[in-house]
Amino acid sequence: MAPWMHLLTVLALLALWGPNSVQAYSSQHLCGSNLVEALYMTCGRSGFYRPHDRRELEDLQVEQAELGLEAGGLQPSALEMILQKRGIVDQCCNNICTFNQLQNYCNVP
C-alpha cells in the first residue's frame, strides 16, 4: 500500500475516534447493528429501553379517550407516547436523528 493511502486510512480512523465521534452518529442514518452500537455508546451503563408495542399504546389511548383526558389538550405523557408510537427506527433509520433523540431512549439511572 502506498504511504499516502496508509496515512489517509489512519487519518480517517482518527477522525472517527476523535471527540466528535458521537456527533458523527447524529449526521447519518442509523439502522440495525449501527443503531444498537450508537445506543450503547450514548446510554453507557444505564442501557436503553424498548418501547411498548403498538397495541399497548393504542389500548392506552382508548382508555384516555374514554376517561375524557384528551378533551383538555395534550397531556404531559403525550410527547412520550408520540415518541414511542413513532419509534426509534423511524426516527434514526428512516430519518436522521440527533444525539439528544438517541438519549431519549436511554434508561434513567
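Note that Cβ sites are derived from N, Cα and C of the backbone, with glycine treated the same way.
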Cys92, Cys93 - which one Swiss-Prot pairs with Cys97 by disulfide: Cys92
Cβ neighbour count (within 10 Å, all chains shown) around Cys92 (disulfide bond): 24
